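Please read the structure below before turning to the comments.
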Amino acid sequence: MNERPSGWYDDPDDDTQLRYWDGILWSDRTMPKLRPGLDHVGEARPVQHVEEPPRRDGEPRTYPAHWGPEQSGRRDQFHGPQFQGSQPGTAPFGNTVGQPSGLIRRILATFLDRLIVSLPVSLVVLPFLGDWMTQMQEYVDRFMSAASAGEQMPTIPADLMTPPLALAGALVAALFVYEVLMTHFAGGATVGKRALGITVVPAGTAQGAKERLPLGRAALRALMKWGPDALALVAIFSGVAGFLQALIILWALSNAKRQGLHDLAVKSEVRRTR
């Protein structure tokens, strides 16, 4: 009972028993594992170095790395693939400075310019519209009363349409002047264009050259750009105005330099500055 019989080893499938190893394969013979050394308590027993047999599947035994001594230079077991990023100072998608501006940037720039110009124009004009606002409120009250009673709706007075048209006309005029001055005197970029990183330059301008559109050409370009908005204020020309605005956009999509009709007319281009 003091010595383990030859050929009997810890069962790789069950820690509570022993299994017989015939030198080649694990057999089906098993026996309960005894608690050795109970009759030798306090005695020092020599350490026996026994080579561990392989597992039943024939593969060598393996143990977790932390059971053994750590080795210097050991590879990180959680080492994963390393991805190389772009080199510092290089643009992943190339340099876009000087390239023709896309249509989305130009539309967003125009939207910003409308907001920037409409605010001060409205603050200047609205104080003169006090009477009109009173008359409009009275008309709305009559309209709601007639609708509640099921009566015929009142016709809107012609004089109520004049002040809104005047406000819209003042806004278009302000946008025209703003566009001309900023295009000629401010390096070809309105506030909206500057925010979106685009500018207007004469066609054929070398990249990096500081050329500006002459005043006359800047005025003609702004007139063709904002002219459809002015036509839209007249009811009979509203359809023509919509057609012209669509034509300007479609024309810009039809050529590599993204030049609208107003750009072709004055030989200008809209380029990116960043």
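Any Cβ shown, glycine's included, is placed from N, Cα and C.
Per TrEMBL, the feature domain 'DUF2510' maps to 7-33.
Summarising the annotation, TrEMBL assigns region 'Disordered' to 39-96.
Feature annotation from TrEMBL assigns compositional bias 'Basic and acidic residues' to 39-60.
The transmembrane segment annotation in TrEMBL covers 111-130 (among others).
Annotation source TrEMBL lists transmembrane segment at 165-186 (among others).
Marked as transmembrane segment by TrEMBL: 230-253 (among others).
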Message: Please list the DSSP helix, strand and coil residue counts for the domain 'DUF2510' (7-33).
response: 0 helix, 15 strand, 12 coil
Query: Counting only residues 6+ away from its ends, which parts of the chain sit with a Cβ under 8 Å from the transmembrane segment (230-253)?
result: 103, 106, 165, 168-169, 172, 224, 259-264
